[in-house]
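These notes are about the structure you will find just below.
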Amino acid sequence: MTTKAQSYLTHFRNIGIAAHIDAGKTTTTERILYYTGRTHNIGEVHDGAATMDWMEQERERGITITAAATTAKWKRSGTDQEYVVNIIDTPGHVDFTIEVERSMRVLDGAVAVFDSSQGVEPQSETVWRQADRYGVPRIAFSNKMDKTGASFELVLTDIKERLGAIPAPIQYPMGQENDFKGIIDIVRMRAHVYTNDLGTDIVESDIPAEFADKVAEMRAQLIEAAAEVDEDLMMMYLEGEEPSVEQLVSAIRKGTIEKKIFPVLCGSALKNKGVQLLLDAVVDYLPSPLEVPAIRGKVEDSEDTVEFPADPEGKLAALAFKIMADPYVGRLTFVRIYSGTLQSGSYVYNASKDKRDRVGRLLKMHANSREEVTELRAGELGAVIGLKDAGTGNTLIADGEDRVLLESIDVPEPVIKLAIEPKTKADQEKMGIGLQKLAEEDPTFRVESDQESGQTTISGMGELHLEILVDRLKREYKVEANVGAPQVAYRETITKAVDVEGKFVRQSGGRGQFGHVKIKAEPLEPGAGFVFENIVVGGTVPREFIGPAQKGIEEALQSGPMLGFPVVDMKVSLYDGSYHEVDSSEMAFKIAGSMALKEAVQKGAPAILEPIMRVEVTVPEDYMGDIIGDLNSRRGQIQGMEARGNAQIVKAFVPLSEMFGYATDMRSMTQGRASYSMFFDHYSQVPNNLAQQLMKK
């Protein structure tokens, strides 16, 4: 039951726009901003004027790096009802996957944009899976219908076959490629023909005879798909009755929110065709904050969970999903308010860090301009100035409440690293500050300093990711830096179970030191990370020393015996030990834990793990043999091939260490006619002969 206080939420939509790089996502967002009246002229990505791409590098490169959040308003066509649409434009480049993860976590619905000449591309698949993981309902937009090779059918087939989803086309294109002149609305059975370039003059008409049979067949399929999720419609369908437009819209909405069907629309954002109808579909089919399951939080030290319904009068629950350094106001924390109301000037409790923090000013964002507000209510997205400690994925609740944690954000491990040093010694400190600020904004970017060599290394998700961060260091923090060649972020692990002990005893006059632990270490499945278990019985290791022993073990994991890389995928069980009434201390047990772990890894048949990338190369048939031969020579495992138009897509798993400089080699092999995408898939053991070579380096 919706209360009066919640009624504004019925007309709220929090959506993300996500796709493969170059599918036309930012252009689609720009058009939405133009038609909702947030911008007075249309920003084109290819002339570097896009409003949403507000970082300098984004405008130069024509790709979206940070997820900009914008509030826009839209009146549903043919009605006076105004809707608030919060849009997050997410990057399509694989190196920026964390941005997509973050935005998926705080959305209620998404628009997946596909290039209709390419169908479902690899990054679109990744984004779709992320949306599946976070349970985000979505609609699909088959963009670029005017492009050579455009095919609405290709997109529908790919959604079914590559994504395993049920597409429900609610529109049909009137012609494609150069003949694309309008869109047929299958739900309302009307044709929309565009008569000017800006897409603002639309003539609505009956469906032309040439499309009548095809559209009638598609409408019958749409009603059948909608009837599967709506009992009332099913009864009408079985009795041969024709549903009204309202009944059909209501059933499609229900199926979309339950993630059983995925409405598919078509258009050309660049040519301004189909964008207003896309906005109508966002309003018609994607959920309001009241229609998605209420977020749950886990109560500290218990299995209990608490529900936070979307209600501005409820208890405050918010999630910080992005940190940004702003040249004018300092640190901006982007938040999604799930429940309650956040007031400027109030105090909040950061449950993730167990710290109290003060809210300064509150902003609603429009790409790179902002509007100051006094409060953010349940269902809203905004930015906070003044929070000192909040990080990505932190839970913010009302000051003084019990500690409750919302589900955080999955942060992938970086796979590539490089050494970095300032060009002048004078910039050393400035570089340190700049890198630290960049790492605060981006949890997939790590900065490490080697105490012995004094060398600083940075690690991230790919070459482009690190290149852009080094570029930002220069632009935003005025630090010129030299970087080394990219290196692979290896990991180490054990391959057999061992029992070991760590004993730290020091007697040198006065009070001594005594710590003693016995542990069992065993290998885990790849990707399982590290698991610690305390199974001490009878107090042989007192409770107050378990934590320090665990800390020592975890610190020792940071550097393995073979190459000094972190040790992963193992379980350590602390099962026994002994202590001394006087000499035992937290420090002694921490050292004992660390000693035990180092010995366990030495004795546990250690192995080196390397990141394996999922690579897809799109190549004309004539060059396919060369590409496959080359991937095999890079220790690649070919997973399969798939025809796409007159090209082939070769899919393979290839170690990252073999992929440096691949773009250049691929272009020269195919005279520039192939393209590829690559993203991290899993870690795998390095063959023995290569492990020996790595250790000699």
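Positions of Cβ are set from backbone N, Cα and C atoms, glycine also.
The domain 'tr-type G' annotation in Swiss-Prot covers 10-290. Marked as GTP binding site by Swiss-Prot: 19-26, 89-93, 143-146.
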Q | Met145 (GTP binding site) in three-state DSSP notation | A | coil
Q. Hey, does DSSP put Ala19 (GTP binding site) in a helix, a strand, or just coil?
A. strand
Q) When the pLDDT values for the domain 'tr-type G' (10-290) are averaged, what is the result? A) 79
